[in-house]
């Protein structure tokens, strides 16, 4: 009899393991790949069997069990737990001058060493620390006071993007921990909610008769501290890793390598992290990030700069509340009080009807603000804002000013409510609400206001970056009926443009508007700018032609896998949704556009006029990068090379999976030495770093790569 009990126990343990693995596989198929293999009823039956077995045998309940993911036990209270490594805050600067001075001080502390910097968005969420022990997620904490945080493990387990176990991934990626499972991996990052998820949540709130949430940060902070994980599971809180706490058995000598390792383990990392060899390049890149901010799917309140090298971080050390190797350039929130003079509605490039507040001009953060966003009809209703009201206007993270509240005590007389239009103000099409009920749109593809906005965006710096194609020129081309779509721009010629006339203001006694010829010089400049944009590539095209939810970053992620027009047209929604960070909403929007009559025609027309509808080559995935010849290697090139320029050798090293460094150190795997190699060669030899000639490098690695 005792033997029978042991056999039964082994059999039950085996069945539990089988169910956990099987249900987790179905979760990935359903949530990540959008390709379920079983019905909801079959899934529920498997989950019910596992739940019953775990209730009967609690000792067999595994940390990665799907029963621990959603609908775990309600906790009685949040328990405070000490951080193994203090979770410090970041010092802030509020101007580029302050930022440059802070970075200069940091570099001076390293006494002349070359310093590489990383730059990333400062996501406006809630700081969190997530701990894996021997590959299993065991603990998640808030920052708290930096020394002690609240245990929010029950809620963090509901984040579907976050793996409960990293053991298999660690074994599959030996560069992370030498082929072992890390004893301790503690990732630090930001818990947050996207703008779209907040909009969806607020629809549910309103339908249930509850007040909508004001912003993503507040709802995130409240949600992760709830005692019932079922509520957290319903709100789609997400996580980005941007740093580390305690690490035991993890191989990484710098921040960028650490993030690559974390990503290989399936943990989401902060988006668009960029490494620069010096602070000057990093500071210059701020402008580019600011251009992309309005298209981000989440709120940010600054940009963070970090010393990349862990060795240099150790030298710099920490203060009582913050590390000395990181500094934030923060967008301070500025407010001002003014009067709402009028509300108008604008038609966007995808047909979205956006209400705009016209204000008595007021100075905010050295900028005169006379217009501000009111977002949508629901926001007008929530604020109960009316023409004539005294309002508070805020200018912060994403630059665009917005009305945040009404000073109702200053409303001394009755003011009429704003009536949102039922028809498009430009084409008189009946307006419709999205399925989610948040946005109101004009669905007329021939709406002239949409065409104008689409063409303006197409020519903008974040679009195809066409010099000379601004709002006035777009208005002129539309007025003269020279363009009806994007492809028409590429059919324009200098002669017909030069003969156009447009109204200009003549200064002088009694200013007046006169008709002035566009002229050959303007025409040649515009046509040259249009022609130059032909080779921007497929990612740039996709993000420029006003497809809903497809901005520059999303387009890059998609074209890394579907890198030409044929591949893109053959892609199914589930194929696109399987790409990390894409999801069903974006995938369905793109597929709908590609296979619609107007969308298909747009792509074909651009292809026909010679616009490049592909990327040079597909970008390697993290798995593919790990198999490249120089994966994980730090390489320095010095001296005059015969077959490469400085930029070409750097690009080639990176194409082969390596990291092109600017200075020699103990971390350097090898030095490529050309003629007149100089001091870097001397230093490499003194440190025992391997030295390759240019021919050695070509023979060893160019052959491997072909």
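Quick reminder: no glycine exception, Cβ is built from N, Cα and C everywhere.
The NAD(+) binding site annotation in Swiss-Prot covers 40, 41, 42, 43, 44, 89, 90, 120, 143, 190, 306, 330. In the three-state DSSP classification, residue 143 (NAD(+) binding site) falls within coil. On its own chain, residue 143 (NAD(+) binding site) has 87, 89, 126, 127, 128, 129, 149 as residues at least 6 apart in sequence with a Cβ closer than 8 Å to its own Cβ.
The active site, N6-AMP-lysine intermediate annotation in Swiss-Prot covers 122. Sequence-distant neighbours of residue 122 (active site, N6-AMP-lysine intermediate) (same chain, 6+ apart, CB under 8 A from its CB) are 90, 300, 301, 302, 303, 304, 328, 330.
Residue 427 (Zn(2+) binding site): 14 other CB atoms within 10 A of its CB, across all protein chains. Taken from Swiss-Prot, the feature Zn(2+) binding site covers 424, 427, 442, 447, and the record attributes it to sequence analysis.
Look at Swiss-Prot and you will find 625-706 tagged as domain 'BRCT', backed by sequence analysis.
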Helix, strand and coil residues within the domain 'BRCT' (625-706) as assigned by DSSP: 33 helix, 18 strand, 31 coil
For residue 306 (NAD(+) binding site), the one of 424, 427, 442, 447 that lies nearest, given that the binding-site residues are compared by Cα: 442
Assigned conformation of residue 427 (Zn(2+) binding site) - DSSP reduced to three states: coil
Residues close to Zn(2+) site centre defined by 424, 427, 442, 447, Cβ within 8 Å: 347, 351, 425, 426, 428, 429, 443, 444, 448, 449, 450
Cβ atoms near residue 424 (Zn(2+) binding site) (within 10 Å, other residues, all chains): 23
Cβ neighbour count (within 10 Å, all chains shown) around residue 306 (NAD(+) binding site): 25
C-beta crowding around residue 90 (NAD(+) binding site), within 10 angstroms: 18
Binding-site residues listed as 442, 447, least Cβ neighbours within 10 Å: 447
